[in-house]
Amino acid sequence: MKNIVILISGRGSNFEAILRASREQRWEQNPGARIAAVISNRPGARGLETARREGIPAVAVDHKLYPTREAFEERLAQEVDRFEPDLIVLAGFMRILTERFVAPREGKILNIHPALLPLFKGLDTHQRAIDAGVRVHGSTVHFVSAALDGGAIIGQAVVPVLPSDTAETLAARGLELEHVLYPRVCRAVLEGRVRLEDGRAVMDDDTARELAIFA
Ligand code: GRF
């Protein structure tokens with residue numbers, strides 16, 4: 001059985017979408033995977049409550065209790081490794097991970113970023129997209145590298161930017177597609193249909209089509 005460890009900081013709606021897909025599609029049977037734990041750097045994260053309610057181990061590693069980023073990360077790594085993860089899924093996890101955490105786990109960590117990378121790395125992506133006047137926006141799932149939002153792109157979901165949009169309405173439109181995209185990407189990686197090779201996400205044409213989603 002492959003273990004998925006999900007890292008969150010808050011709401012956890014992407015975690016819920018992955019959980020739902022894993023149950024509906026019976027991932028335990030095929031590809032033989034389960035969500036082994038949900039870990040949050042914020043003890044009050046709603047996603048932790050969801051995990052507990054669903055009978056999934058829920059762990060808080062509160063970054064505020066550690067004097068340095070390194071100390072926090074070391075503790076986080078211990079908790080993550082306890083569940084022997086084959087896949088580490090960052091889903092609204094709002095702490096930057098350094099080389100120390102990422103390098104030994106390269107090719108096993110995914111992140112979802114609410115923009116069409118390589119545009120709009122960092123925070124406030126929806127407002128920045130509106131301000132830039134782009135007509136499409138969306139979300140990207142990528143392998144995590146030590147460069148912030150800079151790892152190899154796996155899949156993207158595209159939504160229109162409407163003249164009436166606020167950052168909130170645009171975020172909501174994007175989030176709906178994230179909930180389709182992220183479970184698909186997780187499954188494709190677990191099935192070995194997507195791999196990290198020489199800094200690029202390698203997959204066949206059918207998989208690339210499946211992981212390009214348009215509203
Ligand atoms: C998503 O928009 C994701 O792209 C960003 O943070 C948000 C997480 O939402 N990284 P949730 O916690 O999964 O509901």
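Cβ from N, Cα, C; glycine included.
The feature domain 'Formyl transferase N-terminal' is assigned by TrEMBL to 2-185.
Under DSSP, N14 (N(1)-(5-phospho-beta-D-ribosyl)glycinamide binding site) is assigned to a helix (H, G or I) in the three-state scheme. According to TrEMBL, the N(1)-(5-phospho-beta-D-ribosyl)glycinamide binding site annotation covers G12, S13, N14.
Counting every protein chain shown, the Cβ of R69 ((6R)-10-formyltetrahydrofolate binding site) has 15 other Cβ atoms within 10 Å. For the recorded site, R69 ((6R)-10-formyltetrahydrofolate binding site), the DSSP three-state label reads helix. Taken from TrEMBL, the feature (6R)-10-formyltetrahydrofolate binding site applies to R69, M94, R95, I96, L97, N111.
Feature annotation from TrEMBL assigns active site, proton donor to H113. A simple way to gauge crowding: the CB of H113 (active site, proton donor) has 23 other CB atoms within 10 angstroms, across all the protein chains here.
Marked as site 'Raises pKa of active site His' by TrEMBL: D149. In sequence order, N111, H113, L117, K121, G122, H142 are the residues near D149 (site 'Raises pKa of active site His'), counting only same-chain partners six or more apart with C-beta under 8 A. DSSP classifies D149 (site 'Raises pKa of active site His') as coil under the three-state reduction.
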The one of M94, I96, L97 whose CB sees the fewest other CB atoms within 10 Å, among these binding-site residues: I96
Integer Å value for the Cα distance linking R95 ((6R)-10-formyltetrahydrofolate binding site) with G12 (N(1)-(5-phospho-beta-D-ribosyl)glycinamide binding site) is 15
Just counting, how many other CB atoms are there within 10 A of the CB of S13 (N(1)-(5-phospho-beta-D-ribosyl)glycinamide binding site)? 19
